[in-house]
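Here's the structure, in structure tokens; my notes come after.
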Amino acid sequence: MLDRFCKTPSLGTLYLTATHLIFVDPDAKKETWILHMHIANTEKLPLTTTGSPLLIRTKTFLSVTFVIPKERDCHDIYITLQQLSQPSNVEELYCFTYTSPVEEMPKSLGWDFFNLQAEYERQGVPNEQWCLTKLNSDYDLCETYPKYLIVPASANITTLMGSSKFRSKGRLPVLSYLHHNKASISRCSQPLSGFSARCLEDEKMLNHVLRTNPNANYMFVVDTRPKINAMANRAAGKGYENEAFYENIKFQFLGVENIHVMRNSLTKVIETCEQKNPTMNSFLSGLESSGWLRHIKSILDTSWFIAQAVDDGINVVVHCSDGWDRTAQVCFLAALLLDPYYRTITGFQALIEKDWLAFGHKFSERCGHIQGDSREISPVFTQLLDCTWQLMQQFPLAFQFNEKFLLTLHDHVHSCQYGTFIGNSEKEKIELKLAQKTYSLWGYMANYLNEYENPLYDPADFSGVLVPILAPQKITFWRGMYCRFESGVHPREPQTDLLAATVNHTHSLDDHIKYLSKRISSMKSFIAKAVENKFNKLNDSRSRNAPTDNRYFYEKTKELEASDHDHPLKASPEARVDDLSPSKSGQNLSKDLDSVALDWKSLRNTNECICSSYFDQCSQKTHCRRCGYLNQQNVSVCKPCYEILVNSTETSD
């Protein structure tokens, strides 16, 4: 295996399974697992003297070359990977065959975590201005919208149906987010206006949206596209609203480019990151020519314009072309800026459920889940996560989740291991019976929430609207996403993981200090009583021939036993009874001092678990609180230390 960041090639065995490509290097004690669904493309390179090279690029930005001795074997692997990485239909995806360990999570876990109606109720909807309509209960009004929609209470069925027919894909204006000041964000698709067409029902519909907010006499309609793109769509019978037909509405074009421009931009970013001998000039010029950071800024600018308008009490209606790419991005980010609930782990997931899963996004096409038109692939969701990361850099205390949370979302959107992001709409998800046939990503993440928590999170300081600084110098390159494999095929540890390990170590030592303090206090009490009893014996000559009074031994045992209950690594709930002699009590206290590791091993440059299992690139490394070594299980102590604790408990019993 050739790694562009390592001068020495790795020698090992390549295994091709039904779901993964696995490379095992026994000398370096490393395993490299590549999920077939993560493979973006494979390329056969020219033959060399050592064999036939096969270049693999993944959707997680890993680039690795395997040199296979026989050209025929290389060709067979190449053909097989092409077939396995892009199935011909949805039901062949990994999620339909994946089985999680029963003890880890049941298949039903996570599918009922979020409910769209409950989320609207949290926002105070339905109310006098907004009502729930069941007009789309059979997905007849708009098949890419959710079953239940929130629309202006004053709009009748005729208005709703007329507006739906005048909007691309039937995506009429509906409520996405209601702020506490009654200003709202509504979303839709472009009108089928052409050069001169108009629709009275659609004009009424926007007027009804305007009247839901009694605090403003006008509202914004934000077209996220560059105006020249919107004008070009007029030739296809689509386009944008004619200002002459819509009263008290201000129209804004905000210049977010289309999916094709974004796809080409990311391709240039990848090429820049894969330079064999990059210089500062070549990297910066490559990043500049890609335009990637400029696109990220344009999305954030649009989102902040919407959030600022809503915070000022003005309604906003948002659309792009079909209303499921750029519209989803900016509606999501605007709500993230406005509502601190969405900056929690649960809230962020709920926002994804609402703006991306319920209201539809073409995940199958944009992520290349199945065979199809490659021109439909685009990093729309990747850009959303990048924009979120930019906000996290500016407000590190405002978000409950960390960088690993975003990376996990990104990787599993493409992995197809869970059914959460399969299908393009709520209707498709029901037809595929994903909740019955597949596992939920939310259920999996619920078991590992501690890995995604930001140790710096302080909601009290950021309980209102976030005001980002969107100057060009504040938009930075997300090295943790696009260059995470710069240290080799095993990604570098994020800073948040190092910070979380430090916090856990501190808590471990704090617990140990409390325990030892209690033990020392008990020892002091015991010694004082022992001295007092001995003094009394010397002065009482009549007690020479009397039976030995074991009362102080009983009291010592009782006191030390009580203090021993609180040991942070105690393997059994039963109390351990110390030996009765003072010398052994001192020995036990000495053992207690060493029973918790004071020095934790570094997360970096560690290849294997203490049980000799190789670390993979996905699982989080955790420290054993007794010995300080790393293991791959999310437990307080490693297996060897657990056995020692159990044996010591049994011996003392």
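Each residue, glycine too, has its Cβ placed from N, Cα and C.
Listed features, source TrEMBL:
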type: ACT_SITE; residues: Cys320; note: active site, phosphocysteine intermediate
type: BINDING; residues: Asn258, Ile259, Cys320, Ser321, Asp322, Gly323, Trp324, Asp325, Arg326; note: substrate binding site
type: COMPBIAS; residues: 563-581; note: compositional bias 'Basic and acidic residues'
type: DOMAIN; residues: 110-482; note: domain 'Myotubularin phosphatase'
type: REGION; residues: 563-588; note: region 'Disordered'
Requested in this report: Note the Cβ centroid of Asn258, Ile259, Cys320, Ser321, Asp322, Gly323, Trp324, Asp325, Arg326, the recorded substrate site, then list each other residue of that chain whose Cβ lies within 8 Å of it, in sequence.
Outcome: Ser189, Thr224, Thr327
**Report entry** Residues near Cys320 (active site, phosphocysteine intermediate) in space but at least six apart in sequence (CB under 8 A)
**Finding:** Ser189, Gln190, Asp223, Thr224, Arg225, Val256, Arg326, Thr327
Report summary line: One finds that other Cβ atoms within 10 Å of the Cβ of Trp324 (substrate binding site) number exactly 26
**Report entry** Largest inter-residue Cα distance among Asn258, Ile259, Cys320, Ser321, Asp322, Gly323, Trp324, Asp325, Arg326 [record-listed substrate binders, Å]
**Finding:** 12
Requested in this report: Check the domain 'Myotubularin phosphatase' (110-482) for me and report the mean pLDDT.
Outcome: 95
Report summary line: Long-range Cβ list for Asp322 (substrate binding site), cut-off under 8 Å, min separation 6+ in sequence, same chain only, gives Ser168, Lys169, Arg171, Ser189, Gln190
Query raised in the report: What is the total of other Cβ atoms whose distance to the Cβ of Asn258 (substrate binding site) is within 10 Å?
Result: 16
Report task. Mind giving me a neighbour count for Arg326 (substrate binding site)? Other Cβ atoms within 10 Å of its Cβ, every protein chain shown. Result -> 28
